[in-house]
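The structure appears right after this line, and notes come after that.
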């Protein structure tokens, strides 16, 4: 009995450990991961093989693991390197988990790997260059992680790679041109990273098998290179969200297999190229938010596009009309923020699957075609900020799927169309700033999906429908209309005050929103007081201004008179107006019996001394002399000293007085005396010198005469003591 039990135990023990080697490696993988969702609960170590485990695929003949797909399994932890111990493993898919830490060079031990998808995880650090050693690798997807650093240049050594995505990481550096060496590459997706600015590598033109080139938000600059014209197999080209310049190349219209072209948010300029008729496979074209000019080529409009986005450019002209396919946009049509003009064609009805029509902020005019109401799948219609006139087409009420109708800032007239209850899905209705009139229909309360209503700036009249209380509005604006009556009680709150302002006949429980009984008299009193105050203020301001200008004129006249009293002894290079402002006490540098001396700095930087002389009036009250004589008799004289120093002592100025003045200056320098000195008594310097010379002779040096300068006898100056030499000088003042 004991022997039998022992054999049974050993048998069970052997059975419990019959899991093959691949299964044992996978058990080690399980131990290294956190599995809060119990996704790996089927990984039973008692099984012979792991081929029936969740996410595991085995080869049918060898029963060895060939693929591990644990995508979206809520797993957490570092990358399980034990997967590389599986010798026949060709595919690893751990997409959309929380795999963290970094990849190591050990990843290169997965030698038979053909597909590696680690996208949408939390991986960090640099991308190991050793991945390029996986000679059989065809698919590499590391998108949507937190990888940093540069793309390894060694990636250009991949031998069989067909699909690579590094998009949505934190990669820096620049996109290596070596990627252009991967001749087998069909899908190149490296957008949305933090690259340094660079041009599109011209080597990418060597990727002749390329089907998808996705370089969105890669900090690309410069023009689109001509070498890319060789990529004739392209079906998806995305250069959006960069800083590309230049024009859209004409060779682009030679990519006959292209289905999608995304060029939005760049700085492309020039006109759209011709030849779009070659792109019969094109379904989506977006060149919005650039600096494109010119018109829309008719060949582009004739394509059976699902979406055409050209908004925020500088395009002009009318919408193309030439062909029956002109408006077959089988989904999205956006032309906002351009300068398109003319009318919207009735052929818009042929775009029967159009869901989004946005033509706001252009210069369209005329009436909105009723055919818009035939677009049964239309969800959004925006035509604001144009010059549309006429009524809102009644056919629009047939658009039961319409969620947004924005027609603000036009010249639309008439009332809201009948049957608006047909807008069952309408979420936003904006008709502000038009010329709409009539009453707001009660049926507006049946639009249960409506939460944004703006009818402001129109001529709507009558009462506000109480049915508005049945709506759950986040935004309501009925201001600046001609509405009257009471505000529905639900909206008669302070928070809605701005929604009803500017309606003269509107009353309600909001204080001061409309005139109350007795308010008119109070308002008229306030108006009179306000008007009186404004009038008084106006008179005061006008008076002050008038007085100011009168005073300025008086001041100028006075200055002219004052300036005209100033003279100079010889020709000068400046006018009296230049020195008049310096004749004030702050600039006094000396004074004497004849007047004060002022310092003045001319506009040319020269400094001069200005002496103001006082003279007695010789005005004759009985006999009037000429205007000149009277002015000279009354005025003081002035002597000027130069997507060198000079003074004058007379009221009469001529050539001889200039010589006399120079002599006086010499006397001042020789004697060291002032022109007028108490020691002279009633005499001045000239008379004192003359008297001294008469008494003591020319050689006299005593008595305060100062020193006698050595001079050449032939260089003697005329003596100021001989009146016959200065007969015109008059007396010294």
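Note: Cβ is positioned from N, Cα and C throughout, glycine not excepted.
Note that the structure is a prediction, hence the values are computed from the model and not measured.
Features of the protein shown, as given by TrEMBL:
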type	residues	note
BINDING	612	ATP binding site
DOMAIN	19-59	domain 'Leucine-rich repeat-containing N-terminal plant-type'
DOMAIN	91-303	domain 'Disease resistance R13L4/SHOC-2-like LRR'
REGION	614-633	region 'Disordered'
REGION	700-733	region 'Disordered'
SIGNAL	1-18	signal peptide
TRANSMEM	525-549	transmembrane segment
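The average per-residue pLDDT of the prediction over the domain 'Leucine-rich repeat-containing N-terminal plant-type' (19-59) is 96, rounded to a whole number. Same-chain residues lying 6 or more positions outside the domain 'Leucine-rich repeat-containing N-terminal plant-type' (19-59) and placing a CB less than 8 Å from one of its CB atoms are 65-70, 73-78, 80, 82-83, 85-86, 88, 91. With helix defined as DSSP H, G or I and strand as E or B, the domain 'Leucine-rich repeat-containing N-terminal plant-type' (19-59) counts 11 helix, 4 strand, 26 coil.
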